[in-house]
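The structure appears below as structure tokens.
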Amino acid sequence: MVQDSKRSRPNILVTGTPGTGKTTTSTALAESTQLRHINIGELVREKNLHDGWDDELECHVINEDLVCDELEDIMEQGGNIVDYHGCDFFPERWFDRVVVLQTENSVLYDRLTKRGYTGAKLTNNIECEIFQVLLEEAKESYPEDIVLALKSDTIEDITRNIATLTDWVRNWQPRS
Ligand code: ADP
Ligand code: MN
């Protein structure tokens with residue numbers, strides 16, 4: 001791994017199946033650490049970093065190259081929390097920690113139906129969680145020792161995860 005020693009604050013990737021609590025966790029963590037929260041979905045919409053709409057999956061077809069170009073400078077500075085339900089297309093050197101949130105199936109099912117997900121979109125996401133797709137993707141894309149799987153079933157889990165990650169950020173030191 002190429003360690004970028006230029007950044008004085010760490011970059012964290014928060015990933016996981018939709019509904020596992022990435023945005024909730026990232027928002028709270030940004031507040032407690034003063035790191036910058038980057039919600040990739042929002043960025044893609046705001047800056048049109050996509051190649052149109054996927055009717056079947058009901059989401060934008062993200063243009064991964066445009067997203068990476070857009071973020072390169074800011075990631076080099078450090079101090080970012082990146083929030084996205086995918087992780088294999090970001091440069092490995094960007095991140096000091098990759099957090100994979102995981103939620104029990106029945107809990108996730110309720111969250112996604114509340115969000116209005118039905119049919120294939122609902123089933124795909126539940127299967128994504130059952131087969132631990134994001135954890136596997138993270139382990140394949142980043143050094144195993146920076147990947148951290150965290151349970152996100154309850155509010156107590158969020159509180160504990162924020163405390164753990166805030167401690168980690170406070171203790172983080174750039175490698176020389
Ligand atoms: P994501 O960004 O991963 O799609 P969100 O942060 O938007 O997920 O969370 C989806 C919904 O589930 C929100 O209504 C949020 O309040 C709720 N939620 C997320 N994580 C938890 C948790 N650990 N405990 C209770 N509710 C949660
Ligand atoms: Mn989100």
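Numbering starts at 1 and runs along the chain as it is shown here.
Even glycines carry a Cβ here, placed using N, Cα and C.
Note: TrEMBL annotation is automatic and uncurated.
Long-range C-beta contacts of K22 (ATP binding site), restricted to its own chain and to partners at least six residues apart, with a cutoff below 8 Å, comprise V14, T15, G16, D83, Y84, H85, L101. Annotation source TrEMBL lists ATP binding site at G19, G21, K22, T23, T24, R115.
Helix, strand and coil residue tallies for the compositional bias 'Low complexity' (15-25), in that order: 4 helix, 1 strand, 6 coil [DSSP]. Summarising the annotation, TrEMBL assigns compositional bias 'Low complexity' to 15-25.
Outside the region 'Disordered' (1-25), and at least 6 residues removed from its termini, the chain residues within Cβ reach (under 8 Å) are 35, 39, 75-87, 90, 92-103, 108, 111-112, 115, 117, 125, 128-129, 133-134, 137-138, 143, 152, 158, 161-162, 165, 169, 172, 174-176. If you look up TrEMBL, you'll see 1-25 marked as region 'Disordered'.
As annotated by TrEMBL, region 'NMPbind' applies to 39-62. Sequence-distant neighbours of the region 'NMPbind' (39-62) (same chain, 6+ residues past either end, Cβ-Cβ under 8 Å): 23, 26, 70-71, 82-84, 86, 120-121, 124.
Mean pLDDT across the region 'LID' (114-124) comes to 96 in this model. Per TrEMBL, region 'LID' is recorded for 114-124.
The record assigns G19, G21, K22, T23, T24, R115 to the ATP binding site, and the maximum Cα to Cα distance across that set is 15 Å.
The binding-site residues examined here are G19, T24; by Cβ neighbour count within 10 Å, the least packed of them is T24. Highlighted here are the binding-site residues (G21, T23, T24, R115) whose C-beta falls below 6 Å from ligand 1: G21, T23, T24, in sequence order.
When the binding-site residues G21, T23, T24 are checked against ligand 2, T23 have a Cβ within less than 6 Å of one of its atoms.
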